[in-house]
Amino acid sequence: MAPSSLKWTLLCALPWTLASPASYNVHHARDSDAQAFSPPYYPTPHGGWIADWAEAYEKASQLVRNMTLAEKVNLTTGTGMYMGPCAGQTGSVPRFGIPNLCMHDGPLGVRNTDHNTAFPPGITVGATFDKDLMRSRGVALGEEGRGKGVNVLLGPSVGPIGRKPRGGRNWEGFGADPSLQAIAGSLTIEGMQSTGLIACIKHFIANEQEMHRMSSVVTQGYSSNVDDRTLHELYLWPFAEGVRAGVGSLMAAYNDVNNSASSQNSKMLNDILKDELGFQGFVMSDWFGNYGGVSAALAGLDVSMPGDGAIPLLGDSYWGSELSRSILNGTVPVDRLNDMATRILASWYKMGQDQDYPLPNFSANTEDAEGPLYPGAVFSPKGVVNKFVNVQGDHNVTARAIARDAITLLKNNNNILPLHRNDSLKIFGTDAGTNPDGINSCSDKGCNKGVLTMGWGSGSSKLPYLVTPQEAIANISSHAEFHITDSFPSDVSAGPNDIAIVFINSDSGENYITVEGNPGDRTSAGLNAWHNGDDLVKAAAEKFRQVVVVYHTVGPVLMEEWIDLEPVKAVLVAHLPGQEAGWSLTDVLFGDYSPSGHLPYTIPRSESDYPDSVSLIQQPFGRIQDDYTEGLYIDYRHFAKAGITPRFPFGYGLSYTNFNFSRASISAQSSLDTAYPAPRSPKGSTPEYSTAIPPAAEAAWPKNFNRIWRYLYPYLDNPEGARANSSRKYPYPDGYSTVQKPGPRAGGGEGGNPALFDVAFSVQVQVTNTGARKGRAVAQLYVELPDSLGVDTPSRQLRQFEKTKILAPGESQVLTMEITRKDLSVWDVVAQDWKAPVNGEGVKMWIGESVADMRVLCTVGEGCSTL
């Protein structure tokens, strides 16, 4: 979501234009199967036709039938920025016991509060390739959010996916692959919602760069122009799995998609999300990402956050009272409002939040116990705002396990690692130490001082404590000398047996904060180490015979200046470790655990290895067009197609031991005797309501009502005057209709046609620890599709993975991976359906420890062989 900075709010929200998105002219060439702009799709499909949601929708619909116009509208509109304890909150319905729903960040912990856990972010979780940890972290996030009284925790993030290596918020997601994002995201959702908290999957969709994601005084926000097949096979894939997991809410992105704003893009929200994917929850805007009133409601937006209009902090809104007016004058059908309110309440009921769910016991606006209840109001009533509830439990154990099991060993010449406790160590780099100003001194982590634990922005969290690498190493070794500086000391001595450990990092974040010339994206730093980190490594390599590099990074980095230097014996990527930075690292450095992390992205030799189309768009004026001309070929898919050997491939990661893959087998589980899945079932019934425009009195101010200045209400001063005027007609978009559609052939359930998720093949492989130390291995399964499908496909696509338990030397474990029909399918842009090779003929499945290190080949119809 957006930041809480008042300065940012005023500067960035002023210039929004209110033009219809369909009015933008397309001035660039497009593929024949692409859309110049998102075509219309109306009306918004009703929710409630999925059997698993039937009980929740029945409860919600009974309530909505008895609610007034103002009560329904109140559910859909935030109360305004700084008008409550959370990042945002909806209006309440006291008559039915519906509280303000607290919507709060974030994806790695409860933001701007106390006694919380600062977990490792998504990119670190992805590097573990550990499904159990992915779900466990989700459970812990849910427990902490619920414990603080958060109704909707704004995560996980599966967009951006990492199309652009310099992208500022890539670290919030799980890696540069749709299946990795999908598996990690859906397991996170399952864990979070098992606690009764509502998860919010974001940012929908194609939000791959921070710079120009929103309009400025001189530049309109960019449009992500992506063709239909690429959208389905890359960017939609993780959202589909999140919907299949039953996610209760979704956040629309700031950017346009095919020249239509994400929050009022009827093709994306009505057609693809709510009809094709069968999404049953509610869609909210990102903060100040709702750019219109009627257009957004008709296009499928259900909640406007934080509620304010084009000029925040003045108490106006595109929705709120204006939505009440639009209902009374018939511009927005009552049917649409009923569905909006029902979707919100259905999610509330589905997660059991009607059963003694706690109210917010914190304030994101102050650390004081008492203060204004509505900080955005000049004359706010005051009261207790912080109860300092400790929600940490034993979640530090999970946080440490994730940070530890994500650590990725890239190089280990002469087996210099693990270290011995009596080794003579010289430690260099500020990244080993703490922020001298305090671990939480920079708002939303908007600085790069000390060890890098997370990126900056609304996806960050306050650290309850921080164990730095310096502290952890000093606790273990009495032979360590620390030089916490980014300039190599001229007077340092180097003994023949000394080992230099150099800590460097690369940072990024959200664009409302600029850090050292980087406005979110890594525009200034590029993929290089910050604070002259590359020079620090080279200086150490000139002085010492043995150098170990520890890299904390948000994503891909360049290492060519020093990776092949003879003294550089070992390289560890520790990603973003959160609060357990020190202990997780020493667990691996000193050999209590073998490293078992794998790269969730490719590390290139040069930025020129990437296609030009994934560079940051830095156009200074006008409307920015970001054309996804690379199609399906991002990250490792591109490197393979272009024949470029990266420095380290996707999925790469060494261990202190070795593993053998053997005794693989493949067995068919369900029929693939047709190219397309079995036809979908018709939609089930949905709640029915009166479509009559309600009495104007339902939008009138209650008598003797005590208004709070700037608080956004659904009431009208003159509701009778809002009635329809036959002389004025609203200019509805092309294709507008109020007739419900039967739904696309690719739909039929949450995530799409249920037949897509039939298990087509089960693959087993035995993994044996053949080394001398205990450790864990990751089996990665990549699919190669045959040419018979008639379309170009990437040579290998990750579709599944499993991680072993800790295996003792000589110990084995059999891993099972299931491959669905969808895993073997391509999106047919003509049929508008998923197409698989009949009987799986010609499909190859490769199993290995990275995309470039294959150990087993399984061919459908032929069996498996060890390579």
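Glycine too: its Cβ is placed from the backbone N, Cα and C atoms.
Swiss-Prot lists 1-19 with the feature signal peptide, giving sequence analysis as the kind of evidence.
The N-linked glycosylation site annotation in Swiss-Prot covers ASN66 (among others) and is backed by sequence analysis. Counting every protein chain shown, the number of other Cβ atoms lying within 10 Å of the Cβ of ASN66 (N-linked glycosylation site) is 10. Reduced to three states, the DSSP call for ASN66 (N-linked glycosylation site) is coil.
The N-linked glycosylation site feature in Swiss-Prot is assigned to ASN74 (among others); the stated evidence is sequence analysis. For ASN74 (N-linked glycosylation site), other Cβ atoms within 10 Å of its Cβ number 26.
The N-linked glycosylation site annotation in Swiss-Prot covers ASN258 (among others). ASN258 (N-linked glycosylation site) falls outside any helix or strand according to DSSP and counts as coil. ASN258 (N-linked glycosylation site) counts 26 other C-beta atoms within 10 Å of its own C-beta, drawing on all protein chains shown.
As annotated by Swiss-Prot, active site applies to ASP286, with the evidence given as similarity to another entry. In this structure, ASP286 (active site) belongs to neither helix nor strand by DSSP; it is coil.
Counted within 10 Å of its Cβ, the other Cβ atoms near ASN329 (N-linked glycosylation site) come to 16, all protein chains included. Feature annotation from Swiss-Prot assigns N-linked glycosylation site to ASN329 (among others).
Per Swiss-Prot, the feature N-linked glycosylation site maps to ASN361 (among others). Neighbour list (ASN361 (N-linked glycosylation site), Cβ cut-off 8 Å, at least 6 residues apart, same chain): LYS148, GLY149, ASN386, LYS387, VAL389.
Swiss-Prot lists ASN396 (among others) with the feature N-linked glycosylation site, giving sequence analysis as the kind of evidence. Its Cβ taken as reference, ASN396 (N-linked glycosylation site) is surrounded by 20 other Cβ atoms within 10 Å in the chains shown.
The feature N-linked glycosylation site is assigned by Swiss-Prot to ASN422 (among others). Note: ASN422 (N-linked glycosylation site) has non-local neighbours SER477, HIS479, i.e. same-chain residues 6+ apart with C-beta under 8 A of its own C-beta. For the recorded site, ASN422 (N-linked glycosylation site), the DSSP three-state label reads coil.
Mapped onto three states, the DSSP output places ASN475 (N-linked glycosylation site) in helix. Neighbour count (other Cβ atoms within 10 Å of the Cβ, all protein chains): 13 for ASN475 (N-linked glycosylation site). The N-linked glycosylation site annotation in Swiss-Prot covers ASN475 (among others), and the record cites sequence analysis as its basis.
Positions annotated as N-linked glycosylation site by Swiss-Prot, on the basis of sequence analysis: ASN660 (among others). Under the DSSP three-state reduction, ASN660 (N-linked glycosylation site) is assigned to strand. The Cβ of ASN660 (N-linked glycosylation site) lies under 8 Å from the Cβ of VAL767, THR768, THR770, ARG855, each of these being in the same chain and 6 or more residues away along the sequence.
Per Swiss-Prot, region 'Disordered' is recorded for 723-751. Beyond its flanks by at least six residues, the region 'Disordered' (723-751) meets 20, 22, 39-43, 45-46, 50, 52, 240-241, 243-244, 246, 266, 271, 275-280, 294-295, 298, 328-331, 333, 335, 679-683, 693, 696, 757, 831-834 of its own chain at Cβ-Cβ distances under 8 Å.
Summarising the annotation, Swiss-Prot assigns N-linked glycosylation site to ASN725 (among others).
Checking each of the recorded positions ASN74, ASP286, ASN329, ASN475 against ASN66 (N-linked glycosylation site) by C-alpha distance, the shortest gap belongs to ASN74. Taking ASN74, ASN258, ASP286, ASN329 as the recorded positions under consideration, the smallest Cα distance to ASN396 (N-linked glycosylation site) is found for ASP286. Comparing C-alpha positions, ASN475 (N-linked glycosylation site) sits nearest to ASP286 among the recorded positions ASN74, ASN258, ASP286, ASN329.
According to DSSP, ASN329 (N-linked glycosylation site) is assigned to coil rather than to any helix or strand.
ASN74 (N-linked glycosylation site) and ASN329 (N-linked glycosylation site) have their C-alpha atoms 18 Å apart, to the nearest angstrom.
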